[in-house]
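A short worksheet on the structure shown next.
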Amino acid sequence: MGSLLFGLISLLTVQLTLTEGHVVRTRSVIELVGMLRCSTGRSISYLTYGCYCGIGGRGWPRDKTDWCCYTHDCCYGKAEDIGCHPKTDSYSWSCRYFTPRCGNIYDECEKMICDCDVQLSKCLKKAVYQRKYSFWPNFLCGRYRPSCSNF
């Protein structure tokens, strides 16, 4: 019982830290998780994959899957540069034949964010998920990172 209580307190602490630190909020993240499940059948498997899938990111991407996540981070960065909030803005989308599609979106930011998420879904669908990169420790990612200017 004590370890269960500790686990629940830890989860609540992490949830509060994430929501208060503007790193992740559940609105747009729910759409992204849904898209990943739609296209790859996986969703939370990517939370701790490589150096860029999941929260944060540093160093050099490990493989094609990690490059997909790095490119997605760059896409979100471009959205933030024009004043969008990719981690909190929600949008409409649908899944048909394992392919996510953006809905009729008229808001420029929502459209851009949805496009970022669709591109990630397509990229991950083509990439191989290598178990050796799940739970990859950040210290193995290195200090040098590629430039987003290429994406």
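Each Cβ is built from the backbone N, Cα and C atoms, and glycine gets one as well.
What TrEMBL says about a protein is an automatic prediction, not a curated fact.
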Query raised in the report: Out of D73, D81, which does TrEMBL tie to the same Ca(2+) site as Y52, G54, G56?
Result: D73
Report summary line: Candidates C95, C102, C141; TrEMBL says the disulfide mate of C114 is C102
Report summary line: Checking TrEMBL: of C38, C51, the cysteine bonded to C141 via disulfide is C51
Query raised in the report: According to TrEMBL, which residue among C75, C84, C123 is joined to C109 by a disulfide bond?
Result: C84
Query raised in the report: Based on what TrEMBL records, which one of C53, C75, C95 is disulphide-bonded to C69?
Result: C53
Query raised in the report: Setting Y52, G54, G56, D73 aside, what same-chain residues sit with their Cβ within 8 Å of the center of the Cβ atoms that define the Ca(2+) site, listed in sequence order?
Result: C51, C53, I55, G57, R58, C69, Y70
Report task. Rounded to the nearest Å, what's the C-alpha distance separating C102 (disulfide bond) and D117 (active site)? Just drop the number here, would you? Result -> 9
**Report entry** 10 Å Cα neighbourhood of D73 (Ca(2+) binding site): matching disulfide-bonded residues from C51, C53, C84, C114, C116
**Finding:** C53, C116
